[in-house]
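See below for the structure under consideration.
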Amino acid sequence: MAKQPFPLDRGWAWAIVFGSFVCVFFMVGTAKSTGMFLPEFQKHFNVSTSLASMVMGGSAIVYALAAPFCILLGQIFTVRKVIIIGGIIGFVGMALGSLLFSMEYVIAVWGVCFGIGNATIYGNCLVIMGYYFHKRRTLANGLALTGSSIGQFTLPPFIEFLLETYGLQGCILILAGVYFNVVAAASLFRPPSFWASPEDAVISLHDEEEAGGEGDQISKGDGHLLINGKISPEDKTNSVDSSVNDRNVSVVANNNGAENVVQKSVSLEEDAVEGNNLTFDGDSADSPLVSPSKEVAFKDSEESTRSPKKMVRYHSYMASTGSLCMRPLSMYGSSMFGEAHDMQIEELEEEKGEKQGGVSQICQQARDMFDFSVMKSYVAVFTTITNFLSFFGYFNFVLFLPAAVLAKGITKYDKALLVSLCGIGDLVGRLLTAFIGDRAFVSHYKMQAVGILALSVNIGLFIFADSFAWMAVHTMLYGFFGGINVSLAAVVIIDFVGLKNMPRLLAVVMLIQGVGASIGQPLLGGVKDATGSFDLVLVICTVSGLLAGILLLCYPLAVKLEYRRPERYRLLPQVDIATETVSVP
């Protein structure tokens, strides 16, 4: 039975979006609702706030360490398998945690397993959408990632209902079963090999231009140019050249005995970098942020049914839209983040040798991903410090929010509603940022700095709130400004150090944030135990955010310091700072 055409930007691709939405819904919704359990753990085990908060801290550091490796595993074993296994691990850990033998036991099984489960979800969901979407990638990512805001809005009241009805043990067990829906959602993530085999020669070109040329007939439909028919044996020594307006599509077939290799190269226009915005050709078949020259090698005959990822291995990287885009590993040098060299399609290896090479290359990617040499740059150090401080103030507030409002006399259901209001504000902030984020009237880093400063002031004012309505306003504003901050974080990193250096720096930032969370949450819990109040905890979160916002506005100074260093240490900004000029001494 013939396979169906690959559903690029249509059909089953939207099922991928739905599955990603469900996965992100339970991942982020559950993670940001774990603060609901903090007072319950204290009451059940009679432990300090510091020890009870280590459940959240443990899952945070496990997530930070495991997430990059889970993305790499997804490229070896398929995204569907990795997320399904991660969902099972998270489910088992939470279910075992419901036994409540001791606080240390809950930290070990729930904290660690929940962190591993979440680490398999977020990045891999963006990777699979990168396969299925090109023209509508931004829309797909936006729809899928709204699951985080809606999850934060929906789950806290549900968790409070479970706590009131079934107690702590029953609530955790039921929540584990709910989290298991991640496995069902991940089953929708069909790998690219499920669809039509490479010998159908589907070339993704998103335009309405007329196709011409000789040889095989080229037909157009649903955003694809399809070279119809299979390559006959007698034609495999011939060359078929077709031109599509400004784009050159060449299909060259070579006869190599038992193996026949079809090579297709698509040359597209080079992306433009203008002002403070990274602009791109939406028709690019590779990525919105890199020069989309692409080479693909496919095997014919009996090898055509093999998975495309076994023939062409891809590396995923984050774009400014927050999506992970795919790029062939052959486009990189000896290192995944090394200098690009002339692209060549090497002869395909034997299946066993190719598999060993793939694993070896993935190990090399893992080593390169945690490359701390990037920290030789002042701009990289500056970016890491600002991201750590902003994350510390932003994330810790929502984790301690339920316990803090209970101390102010708020009822349990009103406590859950306040956490839900954070999710509503977060959704509005993300949508607003998506609308104005690429407008040229202000720099990205200035927008993020204003959002962080407003967020921090709002957290500080929350100390004085003494009624539900007043607290509701502050939690809504917290979500709103937090959504702006999170939406711009990846964009600002790219603006500061460029796309080539962004994956290395992002891995370091995630690692430091995870370590900070694992230490910071017990530390803030200890502050509450020592003072008997959450006021000083909120003050620390406020000061941390204010420092991040003020430092971020000092970015031009960091650039000046960078230019004074020897050139070999520089990570020069890849995009001009809008409406201002950085003078170079």
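Each position is counted from 1, following the chain as shown.
Cβ atoms are placed via backbone N, Cα and C, with glycine included.
Where the annotation comes from TrEMBL, it is an automatic prediction and has not been curated.
As recorded in TrEMBL:
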type     : residues : note
DOMAIN   : 379-585  : domain 'Major facilitator superfamily (MFS) profile'
REGION   : 276-304  : region 'Disordered'
TRANSMEM : 12-31    : transmembrane segment
TRANSMEM : 51-73    : transmembrane segment
TRANSMEM : 82-101   : transmembrane segment
TRANSMEM : 107-132  : transmembrane segment
TRANSMEM : 139-159  : transmembrane segment
TRANSMEM : 165-189  : transmembrane segment
TRANSMEM : 377-404  : transmembrane segment
TRANSMEM : 416-437  : transmembrane segment
TRANSMEM : 449-471  : transmembrane segment
TRANSMEM : 477-498  : transmembrane segment
TRANSMEM : 505-524  : transmembrane segment
TRANSMEM : 536-558  : transmembrane segment
Ask   = Does the chain bring the transmembrane segment (536-558) near the transmembrane segment (139-159), so that three or more CB pairs sit under 8 Å (pairs 6 or more apart in sequence)?
value = no
If one takes Cβ-Cβ under 8 Å and requires six or more residues beyond its ends, the residues near the transmembrane segment (51-73) are 31, 34-35, 37-38, 41-42, 45, 82, 86, 103, 106-108, 110-112, 114-116, 118-120, 122-124, 127, 316, 324, 362, 365-366, 369-370, 399-400, 507, 510-511, 513-515, 517-522, 524-525
In the same chain, residues at least 6 away from the ends of the transmembrane segment (449-471) whose Cβ sits under 8 Å of its Cβ atoms read 390, 393-394, 397, 405, 408, 410, 414, 418, 429, 477-478, 481-482, 484-485, 488, 535, 538-539, 541-546, 548-550, 552-553
_Contact call for the transmembrane segment (82-101) against the transmembrane segment (139-159), three or more Cβ pairs under 8 Å_ = no
Of the listed stretches 12-31, 107-132, 377-404, the one with the highest count of C-beta pairs below 8 angstroms to the transmembrane segment (139-159) is 12-31
